[in-house]
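Here's the structure, in structure tokens; my notes come after.
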Amino acid sequence: MQGIIAAVPTPVDAQGVPQKAPFLDHCRWALEHGCDALNVLGSTGEANSFDAATRREIMTWAAEAFDTARLMVGTGTPALAETFALTAHADAAGYGVALVLPPYYYKPADEDGLFRWYETLHHDLGPRRIEIYFYNFPQMTGITLSPRLIERLHRAYPERFTGIKDSSGDMAYCRTLKTMMPDFAVFPSSETSLAEAAASGFAGCISASVNQTAPLCAQVWQACAAPDAEMLTRIGAIRAAIASEPLIPAVKYLVARRTGAALWSETLPPFTSLTDAQMARLDQIDLTAPALTN
């Protein structure tokens, strides 16, 4: 898996119930407007605010509607047994890649303990072919997956632990992983990383704001050996404007603006509604180019 990957949001109604039709409509739009693949039920999808049954339902919606070779799904929880059950369900549904957070409740989590957790997940999955991408997001989990830990697991089980989404924002960390493991798929979480994707060997990016910038990002990715500086500047400005507000409510608000479907502005607790001032600032973002609105 490589290229431009949107971490897709999950539409819910006022009672917090996921809505299938608008979810699939947006996924389809993203795949038709520059995304090579989708990350279902990541942080942007509010995965950890849903119970396991709801997560299974949502991942099944996507798997039945789209080519699962173009999908990855978040299955991580602090509970190893639940993570296994969600990952096994993803495998049965046809997903090739599961994005797995570390067990983020008990701390400090030392390297050997984390190795044991991921190794146990691997053994529990047995002959299932689903690959695991690490999900490094220390700002949320309080845990940084060290390059040494990742290398140990990748070397021990190279067909299982094959990549990472890094949401730390630390590009030096991403470069270190590629230097240590040239065959390992590294996806930074911001499309601004596309400026160095070819030079650093990144597999692409997995980003929330790609839900808006996918058409532009696709053009940059297709010419990543010599990316267009003006296009990169525009992408960076859009990304910065979106990220300056509460990210997930902002992403959903902009989908609501594009589609005209107000329910997209609904989020799950602990998120709150955007203020009028926040919405006004988001309304100033230039997403009017034909490639972004078709």
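Keep in mind that glycine also has a Cβ here, set from the backbone N, Cα and C atoms.
Copied over from TrEMBL, here are the features:
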{"type": "BINDING", "residues": "THR44, ILE206", "note": "pyruvate binding site"}
{"type": "ACT_SITE", "residues": "TYR135", "note": "active site, proton donor/acceptor"}
{"type": "ACT_SITE", "residues": "LYS165", "note": "active site, schiff-base intermediate with substrate"}
**Request:** Check each residue in the chain of THR44 (pyruvate binding site) that is at least six apart in sequence and keep those whose C-beta is under 8 Å from its C-beta; list them in sequence order.
**Result:** ALA7, VAL8, PRO9, ALA208, ASN211, LEU247, ILE248, VAL251
**Prompt:** Looking only at Cβ atoms, how many others are within 10 Å of the one on LYS165 (active site, schiff-base intermediate with substrate)?
**Reply:** 29
**Asked** Cβ-Cβ under 8 Å from ILE206 (pyruvate binding site), same chain, 6 or more residues apart: which ones?
**Response** ILE5, ALA6, ALA7, ASN39, GLY42, LYS165, PHE187, PRO188, SER189
**Asked** For THR44 (pyruvate binding site), which DSSP three-state class applies?
**Response** coil
